[in-house]
Amino acid sequence: MAALLLVLLLFAVQSPPVPSRPVADTGTPSPPPSLSSDNGTTTHPNGTLQQLPQIIIIGVRKGGTRALIEMLSLHSEVAAAQNEVHFFDWESHFQKGLPWYLSQMPYAFPNQLTVEKTPAYFTSSKVPKRIHHMNPDIKLLLILRDPTERVLSDYTQIFYNRLQKHKHYQPIESVLVKDGEVNLGYKALNRSLYYVHMQNWLQYFPLESIHIVDGDELIRDPLPEMKKVERFLKLEPQISASNFYFNKTKGFYCLRDHGRERCLHDSKGRAHPHVAPVIMQKLYKFFHEPNKKFFELVGRTFNWK
Ligand code: A3P
């Protein structure tokens, strides 16, 4: 009797898979109740299936990747993985092979495109080749923001992580500058050298396969950027002004989805530390040439300082 009750209870808590909405940056998706699988998809009797992503948001870290995937999920023909999968950049995951990658994907209806986001892909040199090997025709989304602002955001994220763990962290200015010069050893600076990383991607993918979202514009006015994303993905135009409203308290746009309003998590849109103007100038100068190289590489410019 007890065993029967346990089985009934397990059955009751196992809700049928539905296309998921992204909710958080951490944690592992729960194992899907799949009934059958082959090497491309895993199907479920309710008509949903797991499929390898046709779209990947490859970065950049702190570029606005969470906002982008949440906004893309407003579209009914998109199913987004909830968590950052880190398949192509973490060896321990990559060694598990494509079946494992597939198992991390959300259940989607056949008319939906599957998307995952792992911001670390953009700056990991082994990733482009691996993704190309999986699917040379995949559509890639890259969201970038002003490289200096991205560095401050990167610092802020690590600062809060360490604060949470009661670990000491150096003040921002001592990380950014060493002996009066920009500290080239600071990893966050390297992540903002967009042309270096972009070169790796362009060895495997044509520029037409990589749509660059202007992260600063996505903050300022998300709709035009999202319309461009829809066009790039050849999605029916659906995302509209009614999907966004500006939240004065947060200081950012929030989302409205079927009448439900939500802002991004508090860890998105945090205040950055104050940095002395003289150090900011050093950073702007430092990024000037790399930015120019990036603009040449992608054939467009951005309004970066
Ligand atoms: P800050 O917290 O430094 O401001 P990612 O999701 O890639 O980690 O990027 C986080 C950044 O997304 C935030 O950095 C924030 O500036 C940006 N962002 C873009 N649109 C946003 C929105 N609507 N709400 C909150 N943050 C947003």
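Using the three backbone atoms N, Cα and C, a Cβ is placed for every residue, glycine included.
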Additional site residue, Ser76, Ser153 [criterion: listed by TrEMBL with Lys62, Gly63, Gly64, Thr65, Arg66, Arg145, Tyr253, Lys268, Gly269, Arg270, Ala271, His272 for 3'-phosphoadenylyl sulfate]: Ser153
Cys263 (disulfide bond), number of other Cβ atoms within 10 Å: 16
Averaged pLDDT score, the domain 'Sulfotransferase' (53-290): 97
Residues near Cys254 (disulfide bond) in space but at least six apart in sequence (CB under 8 A): Phe244, Tyr245, Phe246, Asn247, Glu261, Arg262, Cys263, Leu264
